[in-house]
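These notes are about the structure you will find just below.
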């Protein structure tokens with residue numbers, strides 16, 4: 001496939017100037033017996049038709065919670081959306097009824113999960129699970145749904161799809177199971193696919209295959225994709241833009257090239273430096289000292305300040321604003337420009 | 001699967017021989033003079049004594065004689081002859097009369113457990129920690145805490161005698177209505193266990209990852225619960241109910257005793273009380289087979305319900 005593909009993007013469905021999907025100043029907290037954990041503290045990001053946004057962050061940074069808030073599948077209680085908007089094609093999903101949101105799930109925005117073994121129902125054959133939405137939501141006959149399920153399994157390159165359609169999830173390898181998940185998510189031709197750490201549970205070689213498959217499918221079907229991951233290596237080849245999350249905030253947001261060339265937030269800088277390099281031998285692996293904050297007691301000021309090498313008094317006292325650095329780059333750091341200059345050097 | 005069943009059947013032969021041997025030994029070990037026990041109070045003539053000694057090989061003594069008689073018994077058992085009880089009736093006939101009554105009683109008890117236990121369990125599981133969940137918890141603990149020997153006479157007294165909603169005893173050929181109250185009493189224990197099991201299983205499965213996936217597919221909640229969650233939750237429940245049906249089929253000594261139901265448990269209890277060795281051994285031998293077969297069926301059923309279970 002050449003690069004100059006005309007993508008069948010549903011631009012007409014999006015209001016003028018708006019994005020396909022936009023999260024605006026989202027705040028989510030988990031109300032538990034131990035106290036209130038502020039999991040998402042003002043996240044904003046957007047996604048245009050056909051593009052891939054990578055959301056990067058450690059466990060507990062809120063990347064999956066944001067995605068589940070978009071899907072409307074947060075468990076509440078304990079989750080509680082305090083404020084914010086999630087606009088899909090200009091309409092705020094958070095003000096819609098449960099029935100309206102259900103219509104969006106799977107058909108407009110679909111999601112795949114980390115561990116396909118537990119995410120698939122163990123007692124139903126994979127073909128049944130792939131075709132389920134076609135039968136129940138599209139009113140397809142059993143035979144048609146089965147035929148379409150085989151097509152979808154072919155699409156995600158599961159060998160001998162016709163023979164394996166009656167097999168159960170546990171009879172597949174990890175990579176093949178993830179392909180089943182993907183086929184299931186694609187059944188209703190969603191415009192957005194949210195992939196929540198799709199390769200974390202897989203072997204390294206299989207990881208690459210799944211990422212390639214996702215990249216191919218995105219091109220072929222013209223979907224937009226949100227790729228949630230904690231693996232910087234996974235992101236580079238696939239994503240257009242990256243949003244880096246820390247303690248429930250987007251600390252840096254940039255296109256992939258600029259971010260890899262010169263990060264503008266100390267956290268991103270730390271992450272990039274902690275990737276082991278093959279070309280430098282015998283060097284000690286750099287790490288970010290300390291631990292991610294307890295979300296029930298987020299540090300004052302900039303939440304990253306206890307771990308930050310650039311820390312000053314202002315970082316302890318004042319929450320940094322999002323600094324616009326040009327080219328649509330933003331960084332939530334008081335010293336963003338210094339970090340950027342440092343990195344670029 | 002076929003090899004597995006074959007192996008299980010072979011194991012059953014061993015289990016059958018072992019259990020009947022033990023019961024046979026226990027029942028006849030304590031007996032003094034079996035011929036006098038057979039005759040009861042009546043005097044036994046020398047000719048009768050000689051005939052019976054010959055017939056039952058009582059002249060062979062010690063361990064050798066015991067095994068001789070045991071295998072003699074097993075041989076006729078395999079030919080379908082359960083022998084005679086000390087009262088002179090064919091044990092096969094006694095069972096033929098008693099079993100349909102016990103089966104009816106067992107099915108009523110199971111139906112009670114399924115209809116009320118499983119349904120309430122599903123509701124309690126969905127509304128975990130709600131009023132319904134907590135009140136069923138208290139009720140089931142109460143039922144599980146009261147032994148049948150107390151529950152059965154209480155139910156008989158209040159529902160049968162005092163308020164006269166049900167016949168207090170069943171009689172010789174009980175109809176469905178007469179068996180209803182004993183069935184409910186007998187089923188209440190299974191009901192309570194089935195309820196707790198269903199409730200835990202449903203609550204656990206509702207938190208499973210595949211439920212999140214089903215929600216992200218945009219399925220309606222009713223379908224997620226009734227298809228995805230229930231199909232998984234009922235695997236342990238169905239298995240439990242299968243084992244329970246096997247137990248119920250072997251008769252309920254206390255319930256049948258209290259309500260005077262002429263079932264298997266009733267006859268077994270009478271056999272034990274009157275020291276009727278052949279009757280007890282005969283009934284227990286058949287119960288062993290029922291129990292073994294029902295357990296095998298449950299294991300096979302388990303593999304059918306859960307595709308992850310494979311028997312090699």
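Cβ coordinates come from backbone N, Cα and C, glycine included.
Taken from TrEMBL, the feature domain 'ABC transmembrane type-1' applies to B:99-302.
Under the heading transmembrane segment, TrEMBL lists B:12-30 (among others).
Per TrEMBL, the feature transmembrane segment maps to B:105-126 (among others). Beyond the ends of the transmembrane segment (B:105-126), by six or more residues, the same chain brings 132-133, 136-137, 176, 179-180, 182-184, 186-188, 190-203, 206, 225, 230, 233-234, 237, 241, 244-245, 248-249, 252, 255-256, 261, 263 to within a C-beta distance below 8 angstroms of the stretch.
For B:138-159 (among others), the entry in TrEMBL reads transmembrane segment.
Here the transmembrane segment (B:179-197) has long-range neighbours at 101, 104-106, 108-114, 116-118, 120-121, 124, 136, 139-141, 143-144, 148, 151-152, 155-156, 159-160, 165-167, 170, 236-237, 240-241, 244, 248, 252, 255-256, 258-259, 261, meaning same-chain residues at least 6 beyond its ends whose C-beta is under 8 angstroms from one of its own. According to TrEMBL, the transmembrane segment annotation covers B:179-197 (among others).
The transmembrane segment annotation in TrEMBL covers B:233-259 (among others).
The annotation transmembrane segment is assigned in TrEMBL to B:279-305 (among others).
Of the Cβ pairs linking the transmembrane segment (B:138-159) with the transmembrane segment (B:233-259) and spaced 6 or more residues apart, 3 or more are under 8 Å, so the two regions touch. Sequence-distant contacts of the transmembrane segment (B:233-259) (same chain, six or more residues past either end, CB-CB distance under 8 Å): 98, 102-103, 105-106, 109-110, 113-114, 118, 121-122, 125, 148-149, 152-153, 156, 168-170, 181-182, 185-186, 190, 193-194, 197-198, 201-202, 204-205, 265-269, 287, 290-291, 294-295, 297-298, 301-302, 305-306.
For the transmembrane segment (B:279-305), the list of distant contacts is 1, 5, 8-9, 12, 15-16, 19-20, 23-24, 27, 73, 77, 82-83, 85-87, 91, 94-95, 234-235, 238-239, 242-243, 245-247, 249-251, 264, 267-268, 270-272, 311: same-chain residues at least six beyond its ends, Cβ to Cβ under 8 Å.
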